[in-house]
Amino acid sequence: MENQTTHQLPPHVFVLFGATGDLARRKLFPALYQLHRKGSLADGISIVGTARSEYTHEAFRDEVHKALKEFVKEDIEDAVWQSFAKRIHYVQGNVDRLEDFERLRDFVLELEQKADHGGNRMFYLSMAPRFFGETALYLKQSGLADTKGWRRLIIEKPFGHDYASAAELNDQLATAFAEEEIYRIDHYLGKEMVQNIEVIRFANSMFEPLWDNRSIASVQITSSETVGVEDRASYYETSGALRDMIQNHMLQMVMMTAMEPPSRLRTEAIRDEKVKVLRSLRRYSVDEVKNYVVRGQYTAGQMNGKAVPGYLEEPNVAPNSQTDTFVAAKLFIDNFRWAGVPFYIRTGKRMPVKSTEIVVQFRNMPKHLYFNQAGNLGPNLLVIRINPVEGMYMQLNVKRPGTDNVVVPIAMEFSQSADKSPEAYERLLHDAMIGDSTFFTRWDEVSLAWKFVDPIAEAFRTGAAPLHTYAAGEWGPQAAHDLVKENPGLWWPVYGDQTPSVETVVSRERANAVEVKY
Ligand code: NAP
């Protein structure tokens, strides 16, 4: 909750497990480099990468340099790189072996003798989740987690596979780290506009009085991807869209949209309010799931005029796979503020547009003076654009100039270049380094999210909720459109990196948009 540019981050040794992996190369080293380039990293911050591969310090630095050249948007300035490289070290080790943790501990102690790191240690687990619990135990047994300063554990997703496995993992972590020392990553919470939801809601007097079931008809949250499963089938076959996106990112956006104002802008006050949303989230039994949740899988289709294969034809996918590549759901938050307002969420692969947007649709006027007039009268929308464009717009109705009563929708728009915003991982690393866990997930959030998701996963597993198909390049199966048929009648279009053309939106969907019944 602090300004990222105003102060230096506290000294510590940053130990990165899985330092040779994809996430480290694409996101974590670029994020650390940006923090260094901006002068946020204090002298006493050293980075120690570890993994099984053999590297000297020098050879590992070369690998990091290559990764930065590939994944950092700007050119890497040599002087900046040289000073960043001095922070980087590498210790080979296997997380299955206690003796490798002891070697790592000795190296960290050596570094701490050479420079003042304040006795602080950060451990980032960027490796397969099956290693998380064991690594935490070895951190404790090897003495690496024993330090006179602070110690923190950042842990990647997924946090468990269901409630039972998440609880087991949490118990393992709890033997070595206290809850306030554990930083569970949900990188959506590091996104500029996700963090901005709170500000838009709680810093603008025009929204909060309208932010409830008296004024809001529905909320739609879409997070769509154009890519297919790519080379991630071995992971995706066990997760599907439900575990990959709904349990974490989509529910986080629901929480941010629906939470009550916190009593203070303090981490636990904010997280308390988020958790209350999950407590009020209506849970579906296995038998009810089919009425509220649609699962889909893409078949062969066209993306930008190019033929692409179906999910079942992708490498390493089982020929009879039932994995969901699309999930849409109608949620209800049964509390005073939201009773009766549907929250629709949908996420999928091979959608026509890559986009993450939240559409808040306000109720129609009690009487439409302008109903049946020429024009395109539509409901007021507040659209929060999270990715790839960062911004928001409000859709309002105005009179078309020069006409008597021809009503047209216009968009009041604000957008900012996502290029100027720090990447989510940069922001989250920064927050963890200052000990701010606001935008990390607390155990009760994770556990309640799994308790909501588990019966849905069970309905998927047993076939109690049918698997629908959709052609690549479509907005999911027909059943997902049927889900919104009564209210509001359509999924509002999302625009990806395009500018919303409001007149087009409403005229395209005119029948539905105008004749909504509540
Ligand atoms: P990855 O490319 O498979 O990297 C795994 C890392 O773990 C490698 O550095 C590997 O290096 C190391 N490793 C494997 N077995 C080890 C062992 N026994 N002892 C020590 N090190 C070992 O995985 P990733 O894609 O970077 O993902 C890392 C984590 O981030 C996962 O939890 C994933 O779910 C999460 N995540 C990744 C992405 C992404 O875009 N990649 C996005 C969101 C979340 P060696 O082979 O050299 O040991």
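Backbone N, Cα and C atoms are what each Cβ position is placed from, and that goes for glycine too.
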Further binder of substrate named by TrEMBL next to His187, Lys191, Glu225, Lys349, Lys354, taken from the candidates Asp146, Asp162, Asp171, Asp244: Asp244
Per-residue Cβ crowding (10 Å cut-off), top of recorded positions His187, Lys191, His249, Lys354: Lys191
Close recorded positions near His187 (substrate binding site), where close means Cα within 10 Å, chosen from Gly18, Thr20, Ala24, Arg52, His249: His249
Cα-Cα distance linking Ala24 (NADP(+) binding site) and Lys191 (substrate binding site), given in Å to the nearest integer: 18
Recorded positions close to ligand 1 - of Lys191, Glu225, Asp244, His249, Lys349, Lys354, only those whose C-beta is under 6 Å away: none
Which of Glu225, Asp244, the listed binding-site residues, has fewest other Cβ atoms within 10 Å: Glu225
Length of the line joining the Cα atoms of Lys354 (substrate binding site) and Thr20 (NADP(+) binding site), in Å: 28
